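Undergrad: Encoded as structure tokens, here's the structure I'll be asking about.
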Amino acid sequence: MGKGGSLSDSVLKKILLSYTYVAIWIFLSFTVIVYNKYILDKKMYNWPFPISLTMIHMSFCATLAILLIKVFKFVEPVSMSRDVYLKSVVPIGALYSLSLWLSNSAYIYLSVSFIQMLKALMPVAVYSIGVLLKKENFKSNTMANMLSISLGVGIAAYGEARFDTWGVILQLGAVAFEATRLVMIQILLTSKGITLNPITSLYYVAPCCLVFLTIPWIFVEYPVLKETSSFHFDFVIFGTNSLCAFALNLAVFLLVGKTSALTMNVAGVVKDWLLIAFSWSVIKDTVTPINLFGYGLAFLGVAYYNHAKLQAMKAKEAQKKAQQADEEAGRLLEEREGEGNGKRTESGD
């Protein structure tokens, strides 16, 4: 009874820990999105400089990642040659900088709720780019599901009260660059056996992101900031905002490490609905019934996509276990045959 009780206690502890990691990730992801919106929106803090904000985040995150890896030895660095860094990490850094720049820029033009609805297109973009780059196999039922997600987002866009074409272009561009980055991680890193967690990823990617962002910053934002003599760097606002962005990366490290990437996908859906509710009730963004209907349709498509991925992962795992069992049985049979032949030789002597 005691043994069974301790087992159920350990299972309960594991479940509670998983839910705690999920809650921390949802809270931090939620905070970073709302905080970025607050800083960039002209009706709130009114600091519409998305490149500068992204550069502050990258500088802060790179510094902390270097401290955690080099000084505190919190995470082991990945052994990587200069050639691999230039050919694999640098292109991923370029895509990441573009994705962050465009997604932060969208906050100036679109509501938080509508941005979350447009982000539902991420599986569509990842799958389409995966098919184009031959990392995914084309399946008509998967493509039909992708079309249903796209239709849902299209209906949500049709029902948007504060529709802004430029804002939509920016957010769709951010989704396209982020999806390309995710596929390129598979092609350039995973295929070479290199696995980066969020801390080592920031250690390698954040400095090169900073370099890429400096180029558009010099031409787009620096001249405007130079003229804005009234601006004083607010250490409290930008410091806490950057700390939240770094804490979010740590939370991803904990969540994926202690649960799974799929848990993060499911938690992401919960976070999106919470953000839509917050955007409507607190920020007072207009959320129409057509918005909700369209996003609900897209949400069902994303849920089905995640379910299909989980089933495929389970089938792959079962196949792997069956293969291992067959190999073990074959090895045992060979050993028995070897023993039998040995005994026959002894009796012959």
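Backbone N, Cα and C atoms are what each Cβ position is placed from, and that goes for glycine too.
The model shown is predicted, which means the values in this text are computed figures rather than measured ones.
Quick paste of what TrEMBL says about this protein:
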type	residues	note
DOMAIN	20-306	domain 'Sugar phosphate transporter'
REGION	321-349	region 'Disordered'
TRANSMEM	16-35	transmembrane segment
TRANSMEM	47-72	transmembrane segment
TRANSMEM	84-102	transmembrane segment
TRANSMEM	108-130	transmembrane segment
TRANSMEM	165-189	transmembrane segment
TRANSMEM	201-219	transmembrane segment
TRANSMEM	231-255	transmembrane segment
TRANSMEM	262-283	transmembrane segment
TRANSMEM	289-306	transmembrane segment
Undergrad: For the domain 'Sugar phosphate transporter' (20-306), report the average pLDDT of the model, please.
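TA: Here the mean pLDDT over the domain 'Sugar phosphate transporter' (20-306) amounts to 89.
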Undergrad: Which one, 47-72, 84-102, 231-255, has the most C-beta pairs under 8 Å toward the transmembrane segment (16-35)?
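TA: Top-ranked stretch among 47-72, 84-102, 231-255: 231-255.
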Undergrad: So which of 84-102, 165-189, 201-219, 231-255, 289-306 is most in touch with the transmembrane segment (108-130), counting Cβ pairs under 8 Å?
TA: 165-189
Undergrad: Give the nonlocal contacts of the transmembrane segment (201-219) in its own chain as ranges (CB under 8 Å, at least six residues past its ends).
TA: 51-52, 54-55, 58-59, 61-62, 64-66, 68-69, 77-78, 80, 85, 89-90, 92-94, 96-98, 100-101, 246, 249
Undergrad: Sort out the residues at least 6 away from either end of the transmembrane segment (231-255), same chain, that have Cβ-Cβ distances under 8 Å to it, and list them.
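TA: For the transmembrane segment (231-255), the list is 21-22, 24-25, 28-29, 31-32, 35-36, 39, 45, 47, 53, 56-57, 59-61, 64, 197-199, 201-202, 225, 263-264, 267.
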Undergrad: Other than its close neighbours in sequence, what residues sit by the transmembrane segment (289-306), given a CB gap under 8 Å and a spacing of at least six beyond its ends?
TA: 113-114, 116-117, 120-121, 123, 142, 145-146, 148-161, 262, 265-266, 269, 272-273, 276
